Amino acid sequence: DLSLLRFISAELTRGYFLEHNEAKYTERRERVYTCMRIPKELEKLMFFGIFLCLDAFLYVFTLLPLRVFLAMFRFITLPCYGLRDRRLLQPAQVCDILKGVILVICYFMMHYVDYSMMYHLIRGQSVIKLYIIYNMLEVADRLFSSFGQDILDALYWTATEPKERKRAHIGVIPHFFMAVLYVFLHAILIMVQATTLNVAFNSHNKSLLTIMMSNNFVEIKGSVFKKFEKNNLFQMSNSDIKERFTNYVLLLIVCLRNMEQFSWNPDHLWVLFPDVCMVVASEIGVDIVKHAFITKFNDITADVYSEYRASLAFDLVSSRQKNAYTDYSDSVSRRMGFIPLPLAVLLIRVVTSSIKVQGVLAYVCVVLFYCGLISLKVLNSIVLLGKSCQYVKEAKMEEKLFNPVLTATPGKAAGKQQSMFKSTQGISTDENGSTSVTNQPVHQKESTPSLLVTSNSDQFLTTPDGEEKDISQDSSELKHRSSKKDLLEIDRFTICGNRID
């Protein structure tokens, strides 16, 4: 017979055994451990990626002017040496000159943009209107970055493609004007972003700055509850790295403008310090929470961030090879959506307007500062290259790095192109069957088309879905390394941060 006393007694004394569902509770415990590991693994990726962006950004100020000078010197002294090659300049030298000319033209065009008038115009708007403007600027910045690198790549390829091919473009000069217009408009867009952030810093009640920081938490709502694969998370991570580095540069511009208005009084820097820390802390906190819950909801382990870091390191090491497909700064632009040219134009414009150089001692300080930037760039590049080689070895990607052609073509086409590659290149095979690359001929002009056709990025564009299924069924070794291969075959010629579904 049921009674209230017996029911209460049963509720107080009934037991259960968690070991009957051991797999479920073990999985829940691993999810907790994964969320606890996310901050460390994510920040290691962010730290590495930010220094990659810094290396590409410093390249514009340090090595690019020297490379432009060397290219111009070669062009001027070319009649003294004679035409040993059909090209007047190498493709890399042509791209360097184009970058330098675009920077100089956009810098002089930025002098016609009045920063003070823009500041007072934005400051006169209401808080809600400024919040909407700032959100629109973030969307516009992603759209500009997505289309901007395509414009620059089209200019570089139009200026350096072989001339014997059939004309299939509108010409170098229209592409050049399009690139100049893009860099100028993107620099103005970033200037408006920096001005809006400066207005938020200088507002009395800090309400605009609080609203702008709360906008980062809206990003969690828009991304956490969506389904993410590893490739999509890789794209989001690259976008977050670019966004964080851009925010650091914007904070630097805001501090420079404020210090100029207060006659470089160091006491005012401590007034700005709490707001700067709040912006940086909100960015870090939002990224950690966002990635922690994305990995939790999609059953992704924290080890995936080491794969992302190895993929970025692979791009860096491969760009240092003799027959690299692209410049390193352009590779970073395509991976992360970070284009350093507009940001460099704006920073040069702000620095030259904020700091007046007068007298011999001032010019000596400028020269010493430039030498310091070159030293920082070289040191950063050496450390990054060493770390990248370490990450590539840990991920076991050396065969993809040193012999990309033999591993990039799937299925039966791989065997055919391997035989063609061996026959045309003259690679000798020793008694153990290992391939030696030391006996390649010096002249490799015939092998250039095959190298371009079978690159990792082009394979992603041209490989049908059916052949990709054959890849996963060919051998167990390819199955074991399928996750790393997917990351390397992401299209590098599209801004990854803007293709998240």
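Cβ atoms are placed via backbone N, Cα and C, with glycine included.
Not measured: the values here are computed from a predicted model.
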Exercise for the section: Examine the ranges 266-283, 338-355 and name the one recorded by TrEMBL as transmembrane segment. Expected result: 338-355
Completion exercise
With the greatest number of Cβ pairs under 8 Å to the transmembrane segment (46-73), the stretch among 94-113, 338-355, 361-386 is 361-386
Handout entry: Chain residues in Cβ proximity to the transmembrane segment (361-386) (below 8 Å; excluding those fewer than six residues from its ends, i.e. six or more beyond)
Key = 48, 51-52, 54-55, 58-59, 61-63, 316-317, 320
